[in-house]
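Read through the structure below, which is laid out as structure tokens, and then see the notes.
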């Protein structure tokens with residue numbers, strides 16, 4: 001069968017790489033893909049943008065694609081799933097209505113409140129003055145979020161009132177996030193440890209994926225501004241068996257049932273960003289209507305199941321007949337980024353030292369890369385590579401991932417040096 005993966009990031013390289021391992025699959029197309037997917041023998045890039053839904057549909061129909069897997073959020077919010085389904089094509093992802101869980105933070109907070117799903121106390125605002133009055137009433141630390149899609153960067157954790165007020169002005173008056181910031185959510189600052197809890201949903205059944213933990217801040221020890229994610233590891237020891245059960249009972253099931261009851265039946269990957277307090281009680285920080293990036297990369301390295309088989313089962317509402325199998329080892333991925341990210345950065349730098357053949361127990365997933373006219377791999381984004389490795393402990397996986405990137409370099413590249421530090425502290429204690 002033929003599979004189409006929509007997207008061009010590290011997440012899509014990992015999903016396409018995994019899909020190509022399925023015995024059911026003869027070809028995996030990636031639209032538009034990157035240099036990493038271009039260089040994989042089993043993958044084929046297609047020059048179609050992720051939100052060019054008419055062109056994606058034409059391609060899928062002409063090539064007789066048997067299954068489409070959607071990586072990023074933008075085409076989901078624009079209704080790619082609705083369009084493909086209307087044409088009778090199998091596609092794994094939520095409809096535009098269901099994708100509001102990521103597309104609008106205000107929608108999500110109101111949904112969580114209606115269904116009594118644990119989350120931070122909050123209020124929505126479209127005007128500067130009422131927002132500032134609320135800030136003064138609540139004090140800092142406090143969290144300000146742009147309502148719409150902002151590539152994972154539309155969240156400001158303000159430790160002082162001045163910082164919070166500046167964020168409100170930037171978003172509501174200063175157009176810092178364009179349309180995404182015309183409405184904001186202000187919510188209480190939650191203390192605890194974060195985890196990424198990702199499941200597959202087929203409308204009524206749920207299959208949990210391996211747990212993981214992302215590193216949102218750009219600097220070591222979680223300093224500096226938020227990014228799309230600087231590295232991740234799996235599994236996340238903070239998600240104990242008890243926390244896992246509470247998350248399923250208090251968050252995942254009520255969300256899936258609540259969406260169905262409101263006429264937005266959810267199919268696709270559902271990612272709950274959790275904050276887990278010292279007592280092991282999870283609260284929802286955010287929902288994403290797709291797999292996380294960079295969490296996908298370490299999770300796919302651990303996945304032993306057939307991803308395509310699982311997606312097909314989900315498209316037929318048969319996830320209850322499936323289980324997922326995982327490598328017992330831990331995996332860890334470190335993002336190599338372009339200097340200046342998450343602010344302004346340069347593109348077009350030649351990347352040197354990429355491994356020429358597959359590495360046992362490791363993988364360099366490409367994100368912001370492309371093939372230049374002379375076939376050299378050059379940078380083409382802020383997050384450029386995710387260097388990922390397996391290990392018997394998170395500490396060993398970390399050591400192997402950093403060793404794998406020793407020879408890889410380009411002008412002005414950087415990475416965090418402490419990915420996995422929370423899990424490693426736990427292992428050492």
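Using the three backbone atoms N, Cα and C, a Cβ is placed for every residue, glycine included.
Summarising the annotation, Swiss-Prot assigns domain 'ATP-grasp' to 109-316.
There are 19 other Cβ atoms within 10 Å of the Cβ belonging to residue 183 (ATP binding site). Look at Swiss-Prot and you will find 135-196 tagged as ATP binding site, backed by similarity to another entry.
Remote same-chain partners of the region 'Disordered' (212-236), defined as residues 6 or more beyond its termini with a Cβ less than 8 Å from a stretch Cβ, comprise 151-153, 155-157, 193-196, 198, 292-295, 297-299, 302, 326, 330-335, 337, 341-343, 382-383, 386, 394, 397-398, 415-423. Sequence annotations record features per position, and here Swiss-Prot assigns region 'Disordered' to 212-236.
The compositional bias 'Basic and acidic residues' annotation in Swiss-Prot covers 213-223.
The Mg(2+) binding site annotation in Swiss-Prot covers 286, 288. Note on residue 286 (Mg(2+) binding site): other Cβ atoms within 10 Å of its Cβ, all shown chains, come to 19. According to DSSP, residue 286 (Mg(2+) binding site) sits within a strand segment.
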- The predicted model's mean pLDDT over the domain 'ATP-grasp' (109-316) is 92
- Query: Among the binding-site residues 135, 143, 167, which residue has the largest number of other Cβ atoms within 10 Å of its own Cβ?
  - Reply: 167
- Message: Here's one to test understanding: among the binding-site residues 143, 159, 167, 191, whose C-alpha is closest in space to the C-alpha of residue 288 (Mg(2+) binding site)?
- Response: 143
- Item | Listed in sequence order, residues with CB under 8 A of residue 159 (ATP binding site) and six or more positions away | 140, 141
- Query: Which ones in the same chain are close to residue 191 (ATP binding site), with CB under 8 Å and 6+ residues apart in sequence?
  - Reply: 275, 277
- In whole Å, how far is residue 286 (Mg(2+) binding site) from residue 183 (ATP binding site) when you measure between their Cα atoms? 16
- Work out the three-state DSSP category of residue 159 (ATP binding site). coil
